Amino acid sequence: MELGVPLPRRPVPGSYGVPFVSAVRDRLDFYYLQGQDKYFESRAERYGSTVVRINVPPGPFMARDPRVVALLDAKSFPVLFDVAKVEKRDVFTGTFMPSTSLTGGYRVCAYLDPSEPNHAKIKQLLLSLLVSRKDAFVPVFRSNFGALLDTVESQLASGGGKSDFTALNDATSFEFIGEAYFGVRPSASSSLGTGGPTKAALWLLWQLAPLTTLGLPMIIEDPLLHTLPLPPFLISSDYKALYAYFAAAASQALDAAEGLGLSREEACHNLLFATVFNSYGGFKLLLPQILSRVAQAGEKLHERLAAEIRSAVADAGGNVTLAALEKMELTRSVVWEALRLDPPVRFQYGRAKADLEIESHDASFAIKKGEMLFGYQPCATRDPRVFGATAREFVGDRFVGEEGRKLLQYVYWSNGRETENPSVDNKQCPGKNLVVLVGRLLLVELFLRYDTFTAEAGKKVVITGVTKASTSAVNRTA
């Protein structure tokens, strides 16, 4: 479409099919018969549009109404970030909402629209916590993940020749987040001990089961996970144990919450949710994905990363500092590229606050007030109209240089553009900058130790070999 030429206006194509029956059939396509990417791509192809009416899971009986207008390109997708146009009340998980029994009876911040009074208070609490703990992130990460890599080396040397990074990361990320945010390792808590990651994973599953597949046979898994909610009482003891840790470890943050006008109880449930669901749930997915992508990219990228990382650390006197990290342009680009291809949260939702117009690359569409808008992020962030012929490929240096940085506005993983920042007035992830920092720190730890490494990627990421660094540019600290 030429610049300045109005886009043709079209009705939104697509079909919701026969009530109930089509929604169930579409759910089976989504999880078992087609898979997520093919589910959306096939419907965009069928109707010749990247804005299309479809059903989304979980459907009956979990969701009252599975009908959405799907936004499947980089141009239409960002309307979901505009809280002047879309309402974000109770749409964090989409067309269904988990029971508030799983969050202490509270609608936590993720489910609040910015227009609701407590949204600003809770988000300010989260933003302030991150600022207050900023000096802890680098040393605490290095301590925890340095120990993880020690374990990797031990397991590789033990004769098996493999080390399950995914499993190690599940345990290490939980320890790291608790210590980084609150100064107290969860494993030191009498309520959790070493069982924290398991309790957290169960609590996450109880909320995300309708959007999850565990690899069980369809005839068993679909009615078990996608039809009716899992009973909250089955994990109430696990949640109480998690809550007890936060009530004790986060005492300073809870004091600050009272100063913002929040009760300690509501603040504690929100800190638990933000830490376990948002941060831990995100790192469980993201860090293995970064490792997998970099392993598959091969030795040439490894050489470039090692050279950049070691040079920046050497210039900082052998220390890993925030200033040194800012000099690592390729390292940061690799993290952004992993987030572009494999966003930890793939779905975004919003309900139209009024009649509005949405534009794709090719047409304009009228949306009625109250319609549910849905974005499948991988379609948007792999849009070939923006990222060209390599849109589906991992290109580590994609965001290097002035031209590369222009593409950052199309990186949406944080529920906002990468060029924007979270505030109390929007729904962008409060930990946006921390996530990119942690991704870089993982690469720094890897390439200060190793010249290269190999890994197998499937449902788990398994490290199969490491080549120790031939030179060292860092004075490693505990």
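Placed from the backbone N, Cα and C atoms, the Cβ positions cover glycine too.
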Cross-ref Swiss-Prot: heme b site His119, Lys123, Lys427, Cys429; candidate in list Lys85, Lys88, Lys460 matching that site is Lys88
Can you see whether DSSP assigns Lys88 (heme b binding site) to helix, strand or coil?
-> coil
Within 8 Å of the centroid of the Cβ atoms of Lys88, His119, Lys123, Lys427, Cys429, which other residues of that chain place their own Cβ, given that this set defines the recorded heme b site?
-> Cys109, Ala110, Leu112, Pro114, Asn415, Pro422, Asn426, Gln428, Pro430
Three states by DSSP: which one describes Asn278 ((13S)-hydroperoxy-(9Z,11E,15Z)-octadecatrienoate binding site)?
-> helix
Can you tell me how spread out the heme b site is, meaning the largest CA to CA distance among Lys88, His119, Lys123, Lys427, Cys429, in Å?
-> 14
